[in-house]
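These come from TrEMBL:
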type	residues	note
TRANSMEM	6-24	transmembrane segment
TRANSMEM	36-65	transmembrane segment
TRANSMEM	71-92	transmembrane segment
TRANSMEM	104-128	transmembrane segment
TRANSMEM	134-155	transmembrane segment
TRANSMEM	162-182	transmembrane segment
REGION	184-204	region 'Disordered'
DOMAIN	233-346	domain 'Plastocyanin-like'
REGION	457-490	region 'Disordered'
DOMAIN	518-622	domain 'Plastocyanin-like'
Amino acid sequence: MTVQTLIVLDLLTGVVATMAWLGAGASAAARRAGPALALFGLAVVSSLIRVGVALALIPAGWWFVQEKVTLTLPLLVLAGLAAGVLAGPRLVRVVRGRAGSSSGPAIVVPLLGAGYAAGAGVVVTMLFGYPATWSTALVTVALVAVAVLVTWRIVSAPVPGLRAVSAATLAVGLLGAGPAFVPDGSTDTGGGPSEGAQAGGHVHHAQPVTALRGPSTPAAEGTVRRFTLTARTATITLSSGRRVAAWTFDGRVPGPPITANQGDLIEVRLRNADITPGVTLHWHGYDVASGEDGVPGLTQEAVRPGGEFLYRFRADQAGTYWYHTHEVSDRGVKMGLYGMLVVTPRGAVKEGADLTLPVHTFAGTAVIGDHDQPFQQQVAPGTPVRLRLVNTDNTPHRFTLGGTPYRLAAIDGRDLNGPGELGRTSLRLPAGSRYDLVFAMPAAGAVLRVDDRAGSLRLSPDGSSGPAPTEDTSTWPEFDPTTYGTPAATPFDARSRFDRRFTLVLDQGLALSAGRPLYAHTVNGHAFPSIPTQIVREGDLVHVTVVNRGRETHPWHLHGHTVLVLARDGRATTGSPLWLDTFDVQPGEVWQVAFRAGNRGVWMNHCHNLAHADQGMALHLAYEGVTTAFHGAHGG
Ligand code: C2O
Ligand code: CU
């Protein structure tokens, strides 16, 4: 059984056990001993299954079971045992006619008590998850105890001193809740030295992020490429003629492509005509200087209508990237404020067909570029073809290429080592990621499909559309990037000595976001801006574990750095070194990645399902000594 299945099963059995215990108690109180006994049996069985499911989750990692093992299972087992010992035999006697009624407190209270305990387990997992703290435990136990006492009071004659005991229990619980409202330390040093602990009493001068700007000249062989992008509202026309209200760069969606040769200097003047919330440019996957990173409230203020901002960086990384606004990015990107950034390797001879194919959802349809209907492209047989697939949406898309074997030359802009031939395979492209497919144009044409829709793009040798592709691609197995290609040396690996180790446990739960309680997408139980900032020093080798305890996929994205994937679910990568800027952490998965801290600045580290980022799943990674003068309130 997969970890994801176990997580769901844990919640399901928790709900069933809760209902069964409560149902048994209620039936007993209503003097319906038969149904009460049946529900009692169901409660015992489902509680035992729940314990089994939790035990089965232990090998996946402590993060998945911590609150269960330390708190909710002991509570359930104790309450269940009490109910079994106190209520069980009595209930059997009533059913057999050897005792009077099932509505006495000795039967009803333990049964309902077990129901409260089982329910508390579900609530703790749903609302608080990992890590369960002492205050969570105290509050939970106190609330269950009070509920039991109140029930006892209701089903039996007045119990002396009950009110005082209840009040005292509640007080202890509330006291325990106190620490939950004291913010955690605002930084996480990952076990490395912290600020102020500078070696040799060396004074570290604070450096504002605005001083960390890109170079102003190209490399020796490069030239300067100047672009002006104006953000404005527009009605765009898709290929079918359908008109969509959008937020655009230069009235187009996607925005104008930014292309360069490696070593060129890219200079982009961003203007905002009428995008009211403001706009910025973030260079997704491109390790620009921190002051060019385009994060409002962190590296700059958003550009308001009438304003402008000049970005400058050297095109040192070749490959497929994209740019997008980072101000209210969930809404902004969805509405169309994005475009492609493609850098050609220095000295590469341009030959063949090179197509950049960004997929984005407009009005419910996955659109490639501006094609909301199947389209075709004429390519002469034998021509080398490169398809650059880009997912600019919040959730993954599934691509298949039929009609030809191909290789995956690059992921997230970085070339793979020794990529083997693929065919009849589906490619699950995470939100924000890019895959570069290369092949020689076959004489009979080829078909690219998105989400298994018939012929999204047809490559045709003669311009005729040819027969409609009929093959069912939905059964094609999914490509696994962690086993693809050939291993090669990397500057560090899983056995390296790491200067800092961070763990990010992703989930959903109750958290405070800017003082307001919110059912948020959380990291270690917190939501932006309350997630402690990760602190690193220049040169550190940093290890990051990302755990998904939740029920949704989280495409994780760290700005300014490329991470090397070490392992997924405890299994080391076996293929080409895998350097990514966005990796899809699916429910139940544990990813281990590493990076060298070589790009001073303050950076966003967030889920690229931008709706999740908006609901709390974002934090900062800051280099010691780098400061920001901005308010930081809407970095997501
Ligand atoms: Cu493409 Cu902070 O994101
Ligand atoms: Cu997410």
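Backbone N, Cα and C atoms are what each Cβ position is placed from, and that goes for glycine too.
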Number of helical, extended and coil residues in the domain 'Plastocyanin-like' (518-622), per DSSP: 5 helix, 56 strand, 44 coil
Any contact, the transmembrane segment (6-24) to the transmembrane segment (104-128), with at least 3 Cβ pairs under 8 A: yes
Outside the transmembrane segment (134-155), six or more residues from its ends: residues with CB under 8 Å to it: 29, 67, 70-72, 75, 79, 103-105, 108-109, 112-113, 116-117, 120, 123-124, 128, 162, 165-166, 169-170, 172-180
The domain 'Plastocyanin-like' (233-346): DSSP-derived helix, strand, coil residue counts: 10 helix, 55 strand, 49 coil
